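**Student:** Copied straight from TrEMBL:
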type	residues	note
REGION	1-44	region 'Disordered'
Amino acid sequence: MLKEQSREKQAEEQKSHIRELDRIYRADGRANETAEETKQRRTEDRLRTIARRNNMTAEETEERRSDDQLWAISRRNNESFGVRNQRQALDRLRTLNSIATESNEQRERRIHCNALGNQNRI
């Protein structure tokens, strides 16, 4: 049992080290990238992320979501007033856009949920 945990820990440390080296090498190469190469790299990164997430266990997915929430909270705590206003404006635009493109069924569901939420506040 201890040997297995030790092997897992060692494997995780190796993966972490490799990821760090990859970051360093990529950062070095990015300085000379063209816009097209940057776009291609980001597309490939997104596809790799999607593939990795598709292979995650439920526990890993939950852990990733928790980490993502912590990162978002940290980022928001450190953002300036202007950045916060810009983010909130984009959030409002995104909400308005989704409302403008929703179906009647989606609209009814949203109104119903809002009504339930307002009842809980009374």
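Each residue's number is its place along the chain shown, starting with 1.
Even glycines carry a Cβ here, placed using N, Cα and C.
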**Student:** According to DSSP, how is the region 'Disordered' (1-44) divided among helix, strand and coil residues?
**Tutor:** 39 helix, 0 strand, 5 coil
**Student:** Can you name the far-off residues of the same chain, 6+ from the ends of the region 'Disordered' (1-44), with a Cβ under 8 Å from a Cβ of it?
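**Tutor:** The answer is none.
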